[in-house]
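The topological domain 'Periplasmic' feature in Swiss-Prot is assigned to 51-124; the stated evidence is sequence analysis. The ATP binding site annotation in Swiss-Prot covers GLY219, PRO220, PRO221, GLY222, THR223, GLY224, LYS225, THR226. Among the features that Swiss-Prot reports, region 'Disordered' is placed at 627-696. For 650-696, the entry in Swiss-Prot reads compositional bias 'Basic and acidic residues'.
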Amino acid sequence: MWLQVTNCSTLHSSLSYCGANTLSDMAKNLILWLVIAVVLMSVFQSFGPSDSAGRQVDYTTFVREIGQDQIREARFNEREITVFKRDNTRYVTYLPVFNDQKLLDDLINANVKVLGTPPEEPSLLASIFISWFPMLLLIGVWVFFMRQMQGGGGGKGAMSFGKSKARMMSEDQIKTTFADVAGCDEAKEDVKELVDYLRDPSRFQKLGGKIPTGILLVGPPGTGKTLLAKAIAGEAKVPFFTISGSDFVEMFVGVGASRVRDMFEQAKKAAPCIIFIDEIDAVGRQRGAGVGGGHDEREQTLNQMLVEMDGFEGNEGVIVIAATNRPDVLDPALLRPGRFDRQVVVGLPDVRGREQILKVHMRKVPLEGDVEPSLIARGTPGFSGADLANLVNEAALFAARGNKRVVSMQEFELAKDKIMMGAERKSMVMSEDQKESTAYHEAGHAIIGRLVPDHDPVYKVSIIPRGRALGVTMYLPEKDRISHSREFLESMLSSLYGGRLAEELIYGVDKVSTGASNDIERATDIARKMVTQWGFSEKMGPVLYADDEGEVFLGRSVTQTKHMSDDTARAIDMEIRALIDRNYERAREILAQNMDIMHAMKDALMKYETIDAAQIDDLMARKSEIRAPKGWGDTDDVMKSSPTTSESAPEAKTESAPEAKAEANVETEEKPVAADSEELKPKAEQAPKEDDKPQA
């Protein structure tokens, strides 16, 4: 509690300090504008006509009153006459002409006291002020606005585009430590000596060693690269400059290089310190071949960064940490020793790492006694740190939605299903024909997945619409897969076609829907890579036939070259077709031999809508009684499975919109679940979930 009060008071004092500074700046600006307004009003008033005392009377009345002996005194001030009457009233009139001698004679003859006022001569100071004030005023206004535009006093003005946007955080502002970072022990070990150097540089210097001037954190999104950089700064207790790679380049030429110079100048003044550049691939992308002409502002920014990091002048005490998930596109000059001496890979966590990450995020969540982080970690292969944080948060939201005080294992299961398979769309109404067709489709995926060798176990099958999917077959690996065998990949090809084949066997070739479009796309991609990249074709051999997919703006080449002849490309297409046909026929034979299981699984899906691994085990064992899923129902705990045959298969006639299905199938590849290494193959060759929708 004391720590919370201290933090709150610190926050309150910080807010009060910021508020006081803001009010002080506002008061200064207000006073300045008031002074300018008063001076301008004084000047305009001095040049404008002055107000005269008394009322104004026409000259004719004045002459007539002289003859009537009503005037006692007349005071002349150039053409203005102030008249005092004998009844002690006064008024003002003006001479129509100068030097009216007759008027003076009439006034003297009428015994009127005549007074003259000498002309007012301005003082020397007033003359100088009147002469120079307009120019001084213009200069002052120009200086004021230039200071405002340039962000005078540390502000962000319109002319401050050449200044660095890096935010400096002092050691007191960074509370993150290595205790808050879990699941990347090797990466923490790599950067701990950096912290030791910042704490005690002499220990390294007396042995002639130099600390790396730059560290590049490499890894997939969500693995904690930015968090690790903050932990380094929090442990080292040094100033920490943070900036994004996209903050350097803007609309003006030369801004990026100017900001790089300004950032390193600020860092040198605060040395020893850390500069953290997030998403450095935005500015550090490999320099191109100059196609298209013109001036590449990003390249000039990169050149300036190369010079600042290791150029003619050293940056003693300034350590640059950068993070990226695209190290392949960075310029080689940026990655050489002397700039980024060390590359630290922050990969996806393994089972133990996921358990540690879950424990970190569960600190702030009240948990039921049945929650086991180790079980959750084993059931979430391929999850990054950000995914696990989202999992804990979703579980807490499920518990709050149910007005619970603690989060149980049930909420974590619901959260995992939502993340891996999508949110349930309970409001969507499907016809019985659509549900039945979807059930057969998903049953085909599940049966093939259970019967082919070296395939990930089937975790759950559902015909509840989730996200943009109408049906889901989820595979969950038993362990983290570092690489994939040929047997596993061919089993994936067979299981991907299981849904289409189930529809074909039940409804006939003419009634097959477009729901398998994404299955076909993914299977074709896997087969093509097996032939052209991974050497799994005896005819083509272990040769790389992949096309050059690098663009010129990523550097290295101006034109793309063709790596194969037309005959070779034709042979590759034939090998891909043969590979797919072989596994397609294998899947057909498996389903044809297990039609009774497919009908039983369809009936279970129609009743329960979602079945798990335990029910699938009962179905595959052809048991007469099938266990109900967890949390199911009030009435029957078991369902009597009625034996059905292919003759009794319904003749469901369903039409579907290809556009809707194609859009829905995009969602099937969002969560690969069998990947924990940088050497892993792309999404298509990982063990993915099968949320392919036969109907839309």
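Yeah, the Cβs are placed from backbone N, Cα and C, and that goes for glycine too.
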Fewest C-beta neighbours within 10 angstroms among the binding-site residues THR223, THR226 belongs to THR226
Which whole number is the mean pLDDT over the topological domain 'Periplasmic' (51-124)? 81
The sparsest Cβ environment within 10 Å, among the binding-site residues PRO220, GLY224, is found at PRO220
At a 10 Å cut-off from the C-beta of GLY219 (ATP binding site), count the other C-beta atoms across all protein chains. 23
For the binding-site residues PRO221, GLY222, the largest set of other C-beta atoms within 10 Å encircles the C-beta of GLY222
Given the ATP site residues GLY219, PRO220, PRO221, GLY222, THR223, GLY224, LYS225, THR226, which other residues of that chain have a Cβ within 8 Å of the mean position of their Cβ atoms, reported in sequence order? LEU217, ALA323, ASN325, VAL346, SER384, GLY385, ALA386
Counting every protein chain shown, other Cβ atoms within 10 Å of the Cβ of LYS225 (ATP binding site) number 26
